[in-house]
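Pulled from Swiss-Prot:
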- D300: active site (ACT_SITE)
- H56, H58, D147, D300: Zn(2+) 1 binding site (BINDING)
- H58, W59, R60, N90, N273, H304, F318, G319: substrate binding site (BINDING)
- D147, H174, H227: Zn(2+) 2 binding site (BINDING)
Amino acid sequence: MLLKNCKILKNTKFEKVDILIRDNKIEKISENIDITDENIIDIKNRFVTAGFIDVHVHWREPGFSKKETVYTASRAAARGGFTTVMTMPNLNPVPDSVETLNKQLEIIKKDSVIRAIPYGAITKEEYGRELSDMEAIASNVFAFTDDGRGVQSANVMYEAMLMGAKLNKAIVAHCEDNSLIRGGAMHEGKRSAELGIKGIPSICESTQIVRDVLLAEAANCHYHVCHISAKESVRAVREGKKNGIKVTCEVTPHHLLSCDEDIKEDNGMWKMNPPLRSREDRNALIVGILDGTIDIIATDHAPHTMEEKIRGIEKSSFGIVGSETAFAQLYTKFVKTDIFSLEMLVKLMSENVAKIFDLPYGKLEENSFADIVVIDLEKEITINPNNFLSKGKNTPYINEKINGIPVLTISNGKIAYIDKEEINL
């Protein structure tokens, strides 16, 4: 496959090149590659970069295929420019043993159009009491997490970190102290009071991060914080890094894009976990990106049925979809307004992910895996969930206009998504 007339970023400047793909690798990147026997695709001077890597998606299968399937989720991710994703273990059965993990791996092998690497659960059934069969499943999982809930026992988390260090696997944490949730459904603040909805305080997240950073130091383990949302959490991670502790973290697009003030009414589409916090918290997240405290962006793509999201904030399920719109929303909100550079954004979604988790992906260079996304930076669409490839339509960003639309995604040398109106084969 030969991609002609590509525009790539090199040393902060655009260069026009051709990219030759053979098998699953990038064989050559050069001006004017002239090979006639290849499948030639004219990219028409669109932006080309390494495929995005998302370390936080809920693909819902096995167990919850009413919400999403591997088939639909992988195509949605490819449409958003993702070529590698890591799937969360809050499934049925939970991947906490070789047998249960294999059920998920079989579905991925059969139905996914992109590279998908499962997480293993930290604890059996994600109950937080007894460690899963971590040693037995380590070779086939990306890392370990009980995402969807916090590990409440410090001792269980410490034992998990000791095992993670032994296996050279990260411990990835959804940080939430159950004793501080107090029946809340959105951020505890002025807006929750105005809407008459019980709130979840920021300390519900940040206190568990502080605990875990110290445990990670004691265990000498790579500790990664999921979907950071509060200013105190950013501070805790920043201090951990300053002290040489192996702590990294991610932020979601929606926590960068919005805050609780954007919730104008009691609408379950705005319910997510962690919740959208204050304007001050959102600003702290942006500063955390700019100063390097926050390492990467991950979507926390969490599809639900419409029935689960139309019950108001208190009774709806937590979660928002993001695979198909993440890059475009961030490009529109932050790159077009000169808050982030284009180079910074693509690194946050690809190269940085590969770097902190030591992955052989996230590079657009010769001999690297042919994981590529072609983006039309000028193309504008209006977000319409009815057009999503995901089964999940649960987004509050309906009718938002966005630029920077992926039109071709190649994962491991194979076309995973193509906009046939924009790209001619």
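From the backbone N, Cα and C atoms, a Cβ is placed for every residue, glycine too.
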Using C-alpha atoms only, work out the spacing between D300 (active site) and F318 (substrate binding site) and round it to an integer in Å.
11
Three-state secondary structure, which DSSP defines for H58 (Zn(2+) 1 binding site):
coil
So the record assigns H58, W59, R60, N90, N273, H304, F318, G319 to substrate. If I measure every Cα pair among those residues, what is the longest distance in angstrom, as a whole number?
16
For D300 (active site), what is the secondary structure by DSSP, using just helix, strand and coil?
coil
Inter-residue C-alpha distance, D147 (Zn(2+) 1 binding site) and R60 (substrate binding site) (nearest angstrom):
13
Filter the binding-site residues N90, H174, H227, N273, F318 down to the ones within 10 angstroms of H58 (Zn(2+) 1 binding site), Cα to Cα, kept in sequence order.
N90
Looking at the binding-site residues W59, N90, N273, H304, G319, which has the shortest Cα distance to H227 (Zn(2+) 2 binding site)?
N273
Counting every protein chain present, what is the number of Cβ atoms, excluding its own, within 10 Å of the Cβ of D147 (Zn(2+) 1 binding site)?
21
Measuring Cα to Cα, tell me the gap between G319 (substrate binding site) and H56 (Zn(2+) 1 binding site) in whole angstrom.
12
Residue pair H174 (Zn(2+) 2 binding site), F318 (substrate binding site) - Cα distance, angstrom, rounded:
13
Centre the Cβ atoms of H56, H58, D147, D300, go out 8 Å, and tell me which other residues of that chain have a Cβ in range of the Zn(2+) 1 site.
V57, M88, G148, H174, C226, H227, A298, T299, H301, A302
For the recorded Zn(2+) 2 site formed by D147, H174, H227, name the remaining residues of the chain with Cβ within 8 Å of the site's Cβ center, in chain order.
H56, M88, T145, G148, V172, A173, C175, C226, N273, D300
